[in-house]
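Peer 1: Here's a structure for you.
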Amino acid sequence: MREALKQAEIAFSKNEVPVGAVIVDRENQKIISKSYNNTEEKNNALYHAEIIAINEACRIISSKNLSDYDIYVTLEPCAMCAAAIAHSRLKRLFYGASDSKHGAVESNLRYFNSKACFHRPEIYSGIFAEDSALLMKGFFKKIRD
């Protein structure tokens with residue numbers, strides 16, 4: 001999760017919503033991909049940290065099946081990212097801060113509990129939640145000032 005926080009800090013420095021994601025091989029605990037939100041620079045709403053990390057991981061291992069991998073994200077995934085996590089079959093999801101507005105894991109939609117979801121990862125929340133929340137608060141304060 002520390003590396004995901006570093007990625008979120010990079011996003012913050014680039015005036016992107018500070019979310020970072022890291023995908024880790026469960027067998028050897030090595031990071032295979034890492035990313036941060038990049039929607040502003042790419043001018044594309046799909047460039048969330050999770051989507052970029054999943055795309056890169058699939059490219060690296062030449063497979064759409066990430067069942068031997070875990071994802072660490074600084075913020076509770078939105079519906080789009082939760083669906084991508086399910087479709088790529090990531091084994092475990094670790095996330096930091098809850099997202100009361102757009103979170104789709106435990107805060108609002110609860111995508112993984114829906115009938116539309118065919119794969120439910122193990123979910124662990126609250127990992128470095130305070131650090132993640134402080135980054136988010138700092139970012140939105142910065143853009144309001």
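Using the three backbone atoms N, Cα and C, a Cβ is placed for every residue, glycine included.
From Swiss-Prot, for reference:
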ACT_SITE  GLU50  active site, proton donor
BINDING   HIS48, CYS78, CYS81  Zn(2+) binding site
DOMAIN    1-116  domain 'CMP/dCMP-type deaminase'
Peer 1: Cβ within 8 Å of the Zn(2+) site centroid (HIS48, CYS78, CYS81 excluded): which residues?
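Peer 2: Residues close to the Zn(2+) site, other than HIS48, CYS78, CYS81: VAL19, ALA49, GLU50, ILE51, PRO77, ALA79, MET80, ALA82, ALA84, HIS102, ALA104.
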Peer 1: By DSSP, what is the split of the domain 'CMP/dCMP-type deaminase' (1-116) into helix, strand and coil residues?
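Peer 2: Residue counts for the domain 'CMP/dCMP-type deaminase' (1-116) by secondary structure: 41 helix, 25 strand, 50 coil.
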Peer 1: Here the binding-site residues are CYS78, CYS81; which one has the lowest number of other Cβ atoms no more than 10 Å from its Cβ?
Peer 2: CYS78
Peer 1: Among all the protein chains here, how many other CB atoms are within 10 A of the CB of HIS48 (Zn(2+) binding site)?
Peer 2: 25
Peer 1: Fill in the CA-CA distance, GLU50 (active site, proton donor) to CYS78 (Zn(2+) binding site), as an integer in Å.
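Peer 2: So the Cα of CYS78 (Zn(2+) binding site) lies 10 Å away from that of GLU50 (active site, proton donor).
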Peer 1: For GLU50 (active site, proton donor), what is the tally of other C-beta atoms lying within 10 angstroms of its C-beta?
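Peer 2: That number is 27.
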